[in-house]
Structures are given as structure tokens and as C-alpha cells.
Amino acid sequence: MYQPEDDNNSDVTSDDDMTRNRRESSPPHSVHSFSGDRDWDRRGRSRDMEPRDRWSHTRNPRSRMPPRDLSLPVVAKTSFEMDREDDRDSRAYESRSQDAESYQNVVDLAEDRKPHNTIQDNMENYRKLLSLGFLAQDSVPAEKRNTEMLDNLPSAGSQFPDFKHLGTFLVFEELVTFEDVLVDFSPEELSSLSAAQRNLYREVMLENYRNLVSLGHQFSKPDIISRLEEEESYAMETDSRHTVICQGESHDDPLEPHQGNQEKLLTPITMNDPKTLTPERSYGSDEFERSSNLSKQSKDPLGKDPQEGTAPGICTSPQSASQENKHNRCEFCKRTFSTQVALRRHERIHTGKKPYECKQCAEAFYLMPHLNRHQKTHSGRKTSGCNEGRKPSVQCANLCERVRIHSQEDYFECFQCGKAFLQNVHLLQHLKAHEAARVLPPGLSHSKTYLIRYQRKHDYVGERACQCCDCGRVFSRNSYLIQHYRTHTQERPYQCQLCGKCFGRPSYLTQHYQLHSQEKTVECDHC
């Protein structure tokens with residue numbers, strides 16, 4: 001408890017004494033400790049708990065009370081305050097100078113801040129400075145920069161175990177080259193690109209190349225840039241020509257879409273060249289040629305009817321399609337062809353000219369495929385034996401050489417009966433019938449056998465009825481007709497090997513064998 005002081009001391013403590021006592025008081029024990037305040041509070045409570053009659057000191061007026069220290073104790077800075085200080089430092093750094101910064105200054109600043117990932121931040125700063133072209137102005141040698149930078153970095157091996165060998169990738173002695181920004185596609189990838197993607201690729205590549213040239217880069221022009229520039233110039237020329245030609249186009253259909261413009265830029269087509277309009281016809285492709293001629297006569301390349309006339313400004317050839325066909329028209333049959341080569345090949349049929357001659361037998365042909373097929377007969381391949389006399393006979397692929405084949409006139413005629421077919425395969429099947437008809441059954445004439453197997457009751461397509469010559473009965477299949485014919489001839493070609501009985505059908509012979517299998521064998525009692 002407080003003891004009363006002497007009378008010599010004044011009852012009221014002066015302000016100077018209170019200030020001196022506060023200075024001599026010990027500081028707080030810890031930045032987070034509030035023990036000083038707790039002591040003051042405890043002293044105050046103990047003083048209030050004393051009886052007022054035992055308190056001998058006179059209470060000081062409120063105006064003369066010593067001022068208490070109401071300031072908060074010292075507390076460690078939080079992360080939020082540290083971030084605010086970093087922001088102020090960064091703003092001060094940005095406003096400090098507008099000159100170009102070197103890579104070393106950026107690295108030092110990054111090390112002072114101690115970011116979470118030093119390698120990633122340094123690489124990002126290097127890429128930004130490299131894109132602005134500032135590293136070329138740095139006068140410090142590259143080797144010295146690498147050494148200083150690696151020495152200044154933290155040496156904690158556990159945090160950056162593999163950073164030493166990455167130092168050579170942080171600083172380069174030269175600026176960016178064209179190979180760094182080159183987007184290289186293989187021919188297969190270029191062919192798979194669409195027209196819009198190809199145009200975008202050309203624009204990006206040329207823009208990157210021109211940007212590097214504008215920055216003062218000195219290097220030879222790559223081959224891909226030369227090709228892209230030629231393609232760009234051709235595209236611009238084609239667009240300008242198309243604009244000039246289509247200025248006089250009629251405005252009846254102003255919203256008519258022009259499809260395929262991008263494909264035309266990549267694959268130029270000259271409208272005056274007839275070879276580009278019609279594909280080359282191979283040998284024996286008259287049906288394709290006829291269809292292409294009909295399509296050309298019905299519509300021009302832009303889809304308009306040539307009979308309606310040509311509007312001014314439409315990209316057409318100087319001569320119409322009908323006038324062009326007049327030059328390729330046959331004088332004998334008035335048939336038109338797309339090219340002069342097809343016309344000359346067709347005229348050989350009328351003139352009888354056969355320029356392709358066999359060197360072994362001196363037989364001439366007017367088409368090369370016919371000569372090639374004929375030469376296979378001399379090699380001895382594709383032969384088979386005759387059923388009766390075992391004489392070598394030519395296969396069906398070579399039988400057409402003995403027939404007058406008019407491939408250009410779209411029909412194939414049999415030399416034996418004069419029957420014509422639209423396809424060569426049907427003629428070969430017909431010739432097989434003639435070869436099979438030579439094997440005659442006993443007592444049957446050649447003409448009768450042919451009628452039994454191949455005569456049709458009706459001529460129109462879809463009815464395949466076979467009629468018997470003896471009784472007039474009609475069958476839908478040849479096999480039924482042959483079985484019916486055996487009833488007239490009493491032919492029984494199927495003979496049992498056990499008893500020698502003959503049958504006209506294989507099903508009858510099968511049933512007969514079943515009867516033999518059901519017979520029970522009789523055992524001899526003696527043996």
C-alpha cells in the first residue's frame with residue numbers, strides 16, 4: 001500500500017516531475033506485450049480499493065493530471081503494409097527515369113523484391129526487354145553479365161538446384177532472328193489449310209518479316225518470303241482484274257454470292273485455255289466426253305445459259321462454247337469433241353487408218369490399248385483347254401480381238417450373229433455362249449442348242465424367260481430350262497456307283513444313296 005510522504009514534499013506533483021518519471025520508466029518488454037498498461041491498471045484498481053479515509057493525499061484537479069500515453073504499442077508490420085510499401089517503391093521506380101533499362105537493373109530490382117519465383121520473373125522481364133530491342137544497347141559484355149547475374153542470385157541450392165546451367169539461356173549476344181518468329185509448315189499441312197487460313201498465314205509471315213526489317217535487321221531474304229510475296233502480288237493483281245472486269249456487270253442480282261474466290265487465288269485458272277475447262281479424256285471414255293459436252297452446251301463456266309446471251313462484264317472466253325465446238329466437229333458424223341486429239345482419234349474410225357501395227361503378225365489397230373491387248377495373245381498367256389478336243393483356245397479377254405469392236409461408237413458387235421452390246425463385258429459373255437454351244441448333245445442341232453440356252457421370249461428389259469423349242473414351255477432361268485430339256489432327251493448323266501442306276505437330277509441321286517444307306521446287311525451263319 002502507499003505510504004504517506006513527508007510534508008516537505010508538495011502535495012501536488014509538478015508536470016516536470018511527471019514527465020521525468022515517464023522518461024525513466026522502462027519500455028515495454030515486447031512489441032506485442034501490454035504488461036505496462038496492465039501494471040498501471042492494477043495500480044489504479046488497488047488504489048481505488050483502498051478506503052478513502054486512509055488516502056492522505058489530496059486529489060489533483062483534472063486539469064493538472066499527468067497526461068497518459070494513449071498511443072498503441074509497437075506491432076510488427078503485416079503483409080498488407082509490406083505490399084503497400086512495395087507498391088510505393090515500384091511507383092517511385094517507374095517515375096524515377098524514362099530512359100531504357102538494362103536487363104541487369106531489372107534483375108537487381110527483382111532480387112530486392114524477392115518474388116516467389118525468381119527464374120520465371122527474370123525470364124519474363126528479359127522477353128519484354130528483348131521485344132523492345134533494349135538489350136542491343138547494353139554495353140556490358142554478355143559473359144560478364146552472365147557471371148554477375150549468377151553471383152548476385154541467391155545461393156540456396158535447395159531452392160534453385162539447376163539454375164546454373166540455365167544462365168546461358170537468359171542473355172543472348174544477338175537480337176531476334178527471323179527463324180525465331182518463323183512458322184514453318186510442311187507441304188502436307190499447307191495443302192490441308194483452307195483458303196482463309198492460307199491468306200492469314202501469308203499476312204502474318206510477311207508482317208513479321210517487314211517488322212524485323214524495319215528494326216534494322218540485316219539478313220538475306222528467305223525463300224518462303226519470296227514465294228509468299230509472289231503469291232500476294234498475284235492475289236492483288238487478280239483482285240484488281242476481277243474488280244475492273246465486273247464493273248459493268250448487271251445489277252439484276254446484286255446479292256448473288258461469288259463462291260470459291262479464295263480457291264481461285266490459290267489455283268489460278270485461265271478461262272481462255274480449253275484444257276483447264278475440260279479434263280483430259282482417256283482412251284475409251286466417250287461417255288465422260290459426251291456428258292462434259294452436254295454440260296458445256298447447257299451452261300457456261302459461270303453457270304449462265306449461253307442461249308440467253310452474254311452480259312457485259314462476265315468473265316468468258318472471246319468465243320462462245322458453240323463456236324469452239326465447231327472447230328472440233330467431225331465432218332462425217334457431225335459429232336463434236338472438246339479437243340483436237342479426240343477428234344483425230346475419232347476420225348480414224350471413218351478413214352480406216354490404223355497407225356498401231358503389231359510387229360509379229362503385222363496386224364494394225366487404230367488404238368494403242370487394242371494393240372497392247374493383241375500382243376498378249378502372242379505371249380501365250382491366259383489360255384485354256386477345250387472341253388472336247390483339249391485344244392488350246394483363247395480366253396474371253398482375247399476373244400474380242402476377233403470381233404469388230406467399235407469403241408468410239410459405243411457398241412460392240414458379235415461377228416457370228418451380228419448382235420450388238422453396249423459394254424465389252426456383255427460381248428465377252430455372249431462369246432462364251434458361242435464357245436459353249438459348240439459342245440452339242442447327241443441328236444441336237446447347233447441352232448437348237450443355242451435357242452435353248454440363250455433365246456429370250458421377250459425383247460424388253462426385265463423379262464428373262466427361256467422357252468423350250470420342243471414344247472414351248474417358258475422358264476425364268478437357264479438351269480430350269482436345261483433340266484426340262486433332259487426330259488425330252490431322256491438324258492440321265494448322274495449314275496449311282498453302287499448299282500449303276502442313272503438319274504436326271506443330282507437330287508434324285510442323293511435320295512437314291514440314302515436308300516442304300518438304310519439297307520440292312522444280312523449276316524451269314526456259316527462264316
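Including glycine, each Cβ sits where the backbone N, Cα and C put it.
Taken from Swiss-Prot, the feature region 'Disordered' covers 1-104 (among others).
According to Swiss-Prot, the feature compositional bias 'Acidic residues' maps to 1-16.
Residues annotated as compositional bias 'Basic and acidic residues' in Swiss-Prot: 17-26 (among others).
Taken from Swiss-Prot, the feature compositional bias 'Basic and acidic residues' covers 35-56 (among others).
Feature annotation from Swiss-Prot assigns compositional bias 'Basic and acidic residues' to 80-99 (among others).
The domain 'KRAB' annotation in Swiss-Prot covers 176-246 and rests on sequence analysis. Mean model confidence for the domain 'KRAB' (176-246) is a pLDDT of 74.
The feature region 'Disordered' is assigned by Swiss-Prot to 247-322 (among others).
Under the heading compositional bias 'Polar residues', Swiss-Prot lists 259-275.
Look at Swiss-Prot and you will find 297-307 (among others) tagged as compositional bias 'Basic and acidic residues'.
DSSP labels the residues of the zinc finger (328-350) in these numbers: 11 helix, 2 strand, 10 coil. Residues or ranges marked as zinc finger by Swiss-Prot on the basis of sequence analysis: 328-350 (among others).
Swiss-Prot lists 356-378 (among others) with the feature zinc finger, giving sequence analysis as the kind of evidence.
Secondary structure of the zinc finger (412-434), assigned with DSSP and counted as helix (H, G, I), strand (E, B) and coil, comes to 11 helix, 4 strand, 8 coil. Per Swiss-Prot, zinc finger is recorded for 412-434 (among others), and the stated evidence type is sequence analysis.
Annotation comment: Swiss-Prot describes 466-488 (among others) as zinc finger, evidence class sequence analysis.
According to Swiss-Prot, the zinc finger annotation covers 494-516 (among others). Non-local neighbours of the zinc finger (494-516) in the same chain are 483, 486-487; each lies 6+ residues outside the stretch with a CB under 8 Å from one of its CB atoms.
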